[in-house]
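Chemist: Can you read through this structure? Questions will come right after.
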Amino acid sequence: MHVPDGFIDAPVSVATGAIAAAAVAVSLRGARREFAGSGDAAGFGGERTAPLAGLVAAFIFAVQMLNFPVAAGTSGHLLGGALAAILVGPYTGVLAVSVVLLMQGVLFADGGLTALGVNITDMALVTTLVAYGLFRALLAVLPSGRRGVGIASFVAALVSVPASAIAFTAIYAIGGTTDVATGKVFTAMVGVHLLIGIGEAVITALTVGAVLAVRPDLVYGARGQVKRLELRTVEVATPGGPGAAKPAARDLPGDAPEAEAPPVAEGDRVPVGAGAPRAKGNRKVWLAGLAAALVCAGGLSYYASADPDGLEKVAHDKGIDQKTEEHAAKDSPLADYGVKDITNARLSGGLAGVIGVGATLAVGSGVFVLVRRRKTAAGPAAVPARETEAV
Amino acid sequence: MGAAGGTGHASGGGAVHRLYRAGGSAVHALPPQCKIAAVFGFVLAVVATPREAVWAFGLYALLLAAVAAAARIPALFLLRRLLIEIPFVAFALLMPFVAEGERVRVLGLSLSESGLWGAWNILAKGTLGVAASVLLAASTELRALLLGLQRLRMPSLLVQIASFMIRYGDVIGDEMRRMRIARESRGFTARGVRHWGVLAKSAGALFIRSYERGERVHLAMLSRGYTGTMPVIDDVTATRAQWAYAAALPLTALAVCLTGWTL
């Protein structure tokens, strides 16, 4: 919520403006450090700050327009303070959110110009600092790894939003222009923002998780917590023999620090075409599927409506079905999905379902086995040139 | 050179270029730093005015109307942009019901007197503030605004960050739009909380793309000799006359404000 002009009186607006200016000045210096120290660009120093912080600000600006539907018709969006702090660090986070607020105020008249100090103090400063502090504190306690980072970012975002509401209430208590009791403002603001915070927490944790899965090195707050992804190679079945894998392994991205380490230890290679576990996995899925099919066919059709389904009913009502010829298999034991000579309609239907699944399965498997046999017969050479997995 | 007088090299694009209305008026021709300082001074004076001086806010509105007329900005454009205020109107309307203090009866409703004043205060000052910023954004080009902020001694690093944000805001917004189209063309519609995972993955991908674009932009700039500061090519200097012209708005507002306090 962007505070408009006139909500907070002039002296407090000026004071918060001074706080915001000081915070931004400190962040400008800190952001240079954050970017200078990041990863492979240690040599570049501070001049990375402007383009990168600018693009991060553009990202925050854009992601605030991404709608997350909540329920019928309502939707929310990310505030982004906690997300920015976790992804790019507290200083850059403060800078990015402040720049977004500044531009929203000057260009879009969203949030008053004199209230800029208030807005930056409670939305950029408090949110980001609380989120980052909590995030780091939790990481120290929680087990490292992706789950720890996920929980930490959830809690950090969850707390950061009401914290910003509390900061606003404090500013309001000092310089509010209206006569609403501070207690009421506190209850309303914190109550609403607790709800918003839950959404913010879920989205932040999911987003951090998504970045972590692809580029863990870009999550500033989780440096040293999550292993950098490694490029795994497998031996390719080529005439060159085992040595042939070496040149491929050397193709690692040159700028990544792992390039200096021996590419991948021999033992780390993923066994591709790992027959046993994969077949086992397949069998499990296959059995589960069969069980589900049987339950559906047998159990559910037991309870299914005996009324004709939609199309059948319409056809019947309109008299279309009078012309349809009786199905050729009408005298088959399964005609109209019931088993002959079993009088209990439901039991009969269920049994018919089970038999149907069994028959489908038999035919399907038969076709599959035939096709596969033919393929194998075509020659083992056609069978898989082994794939390379980059995990 | 007077901010190019709005000869219409409309930069920005996307959501931003709709804010600016090219024109050749005297207001457009003012150097941006004068306009920013004037608007800021005006808003500060408005905020500092006691709320009981109802007439003062009328005078402020007249002042802004005069500026809009001088800048030839149509009233409809201004009114449409004022809609951004609506959430606060709702908030202000709530005020008389929840505020403390003496109750007065208006149309059979028991309302708080100070709450009514509070609602009036927020509505009047908020609307004037929004109108002033809308006039500033409508009469000043985006690039000129950033230049003006730099002339007003905003740290150049901050100005650079802001200019990168503006420059790439549309690019990133387009990237997000393309991701949405990609999702929708695969049959995805976000209907509820269950779909947040997908949307959050998009947000994560958007972050990675933005950051990597930042790295590429940085390298491209390095290869063109960037050392951390942007060269100032078109420096906008303001003459004393221009400052005086721009100062007319905040000074009048200040006079109104002071009268409001003494009366």
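The backbone N, Cα and C atoms fix where each Cβ goes, glycine too.
The domain 'PDGLE' feature in TrEMBL is assigned to A:283-373. Residues or ranges marked as region 'Disordered' by TrEMBL: A:238-272. Taken from TrEMBL, the feature transmembrane segment applies to A:7-28, A:48-66, A:78-103, A:123-142, A:149-174, A:194-214, A:285-304, A:350-371.
Mind mapping these onto the model and telling me what they sit next to?
Modeler: For the transmembrane segment (A:123-142), the list of distant contacts is 19-20, 23, 79, 81-82, 84-86, 89-90, 93-94, 97-98, 101, 148-149, 151-153, 155-157, 159-161, 163-164, 167, 221-222, 225: same-chain residues at least six beyond its ends, Cβ to Cβ under 8 Å.
Sequence-distant contacts of the transmembrane segment (A:194-214) (same chain, at least 6 residues past either end, Cβ-Cβ under 8 Å): 68, 70, 76, 78-79, 82-83, 86-87, 146, 149-151, 153-162, 222, 226.
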Chemist: Across the domain 'PDGLE' (A:283-373), what is the average pLDDT of the model, as a whole number?
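Modeler: On average, pLDDT over the domain 'PDGLE' (A:283-373) sits at 59.
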